[in-house]
């Protein structure tokens, strides 16, 4: 009797499971289909950069299928990587970005530690101020900053405009607030007992920061470093406004202003330059994606 | 018991003064350290953010040669310019349209990524975030080349379907569309990643409970996912609104504001007027018009971020 | 090693007094446990001894020196935290030696002390692991090791066993006691668990609402609680409190619990309570183990009464029985073979030789 009952129930249940997994399978197929569409949309520009960079000028202006390379050549790469001018841009960019990253960390890590752990007069206000500063876009401040640097030059004779190192002063205004903000979050997530244990062990505030907090919040530190680097590397408006001489330019501005000669677009070289300019952030991203994403999402949480 | 406490207070009163000063010293030591740790930050914000912001207001009240105080002269001048109103309109249209599409696409893509087996998610997420990683000035150059009228890859592809060449950046309507498209391409991954993080933070039991209560797929999104993500959606949207609204790179590289200022937005217009035409006060005035809109968005973000902080 | 004194120590947060002027003398080598419900000020007191909180008033002395203004690192104390607070990026050995390294001890001595402490705690094999690779009990040992290597004057424990499961907690409790027997360092231990307090302490300090309710050895607290709070807090299941009053019946003193139930007090108790006004509202305090099943040969001072059980809980070696007396829920402990069943009538015996009588209004044990 009981076996018959099981036999009857068996197929019914199977059908139910079957329909569930069939729904699921369809949902999955649709998901993959749309993901492929969106990935194509996402990757078209970088892939097109790569395709174009492998073409000669002749092939670019020929009426062939632009989505395919018929005669691949590395001549664009050779030309750019042996051009002093392009290497100069690269060098300027690297120089500026690395120094800015170091300055940013030196400013924001101690500040974040103080704001996260040492409640002092005005600390809450300052933390809010840091966050608000982070929301101020570059396009709001470039004109007064430009005038400010011009005035400093008039008053003191210190030349800042049209020197690459002027960027060392302005980039931190973009990187420091965000890095401070996410470091506050990372530091605040460290249990209070850990610094108390350090205090009892005899560590001073600075020792607590350098020997406990920085090592423990290392993932946050890496995320903040990546952020500071990518922002510095990608910044376009400030160098466009503050630097004009060719030997003072950084990559993004250098590529857009010098490779476009009048109305003549040397697309092969422009795309090669753009790809080389995009390479450092892309490489960092490829190796440190999880830190990159952690930093990105940390901005919206207060820790 | 009560009078015992009072007595304690009186007995301890004598030593109280000494204690308070030493406690005061300890506090002072701590806040001195804190002060020095935050000093570079304070200086940076004060000298390179706060001061320029105020300086900008001062600049906006001067005439072109910056010799004379003109009060609201620059502003009234702008109000009479048709171009300026176009800039206002275009900035708002670009920002709002782009943010809506970024948010929608980001939300949909995040769902698809969340839907597939966890093992493969990393790979897809990695590819989908690429647009956000490339410096926008670089990727916009690629778009510029894709949009190129004569040798353009887009027009070539369309011609295969017999659709005539589109003047992507030369025609005002198409140029606006192109700018929004590039903005969406660049910004949607950010939404995707934020939503994905939020989706992962919704406990599975909630969905299971909703499923047991008989909620279908759509109801689960409406009654479980969206309310749980409400805050992060708000923060991301407002944040993106600020970034998109103040964006410079994309419009500058694609059209430089053309044709005939029909894609000009605040940032590019301020650059055109203030730097290229050397009318710094007028440029500063244009920039300042962004402040009210940015401020409103910032206030809402701050409210939501603080709320998140309290929830946690 | 040293003694610790708290003299009228007060901690005020804005207007709230978390600790209201407590006095406590802790002798050298002594193991003191501060116990009380959450928010009673026990942790704050410990943190003031550690120097992690400023004291608002009073004095704290360690080894005879006032340490009110001495920063934690100079107080020569070591502390074990509830969540262990191990440095996640350091190995066990590095965790234990961090304090010594900050004080620039010679390398050889650091190594010797760490090895010695690791041996004492049986964690020699774990010395190169990171905290993440350790179980809860092992982390707890490392946290203790970190305290031991410093060879401090005072050990401070802040609810160190709360994050462990019940079985491990018992094990670590014994471990802590063993370690204390070996190193004999003056110890202040904070817990909310009265069993931990009773089993570990030389003397227990029961705190409530920022005040010390009673200080005493575990046995004193159990048998001679000073207040209703202590009587109810120490012991599990908790002591029963039954509203009652005293009556004179034919020259002997009786205690009346309900209209039906009244017992004649044993002579020793009667003499003790005779002076009390008969009008006072009183509470009879009786522990569950002094409410047992009735049998033929009752000792003097043991009185019986009949009741109907509400619920019974067989525990194996005993059965807990619950019933009501005039609406007051009461718990008793009977022999598992006494035939106690849910809802059944039962005759119980109350041992009045072990009763307590409390003033209902003040909570003082009379």
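Just so it is clear, glycine is given a Cβ too, placed from its N, Cα and C backbone atoms.
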**Asked** Between A:8-29, A:30-51, which stretch does TrEMBL give the note transmembrane segment?
**Response** A:30-51
**Item:** TrEMBL annotation of transmembrane segment - which of the ranges A:64-88, A:164-188 it falls on
**Value:** A:164-188
**Region pair the transmembrane segment (A:164-188) / the transmembrane segment (A:89-116), three or more CB pairs under 8 Å** = yes
**Message:** Let me spell it out: take the transmembrane segment (A:272-294), skip the flanking residues so only those 6+ beyond its ends count, and list any with a Cβ under 8 Å from a Cβ in it.
**Reply:** 46, 49-50, 52-53, 76-77, 80-81, 86, 90, 93-94, 219-220, 222-223, 226, 229-230, 233-234, 251-252, 254-255, 259
**Asked** Is the transmembrane segment (A:30-51) packed against any residues at least 6 beyond its ends, judged by a Cβ distance under 8 Å, and which are they?
**Response** 66-69, 271, 274-275, 278
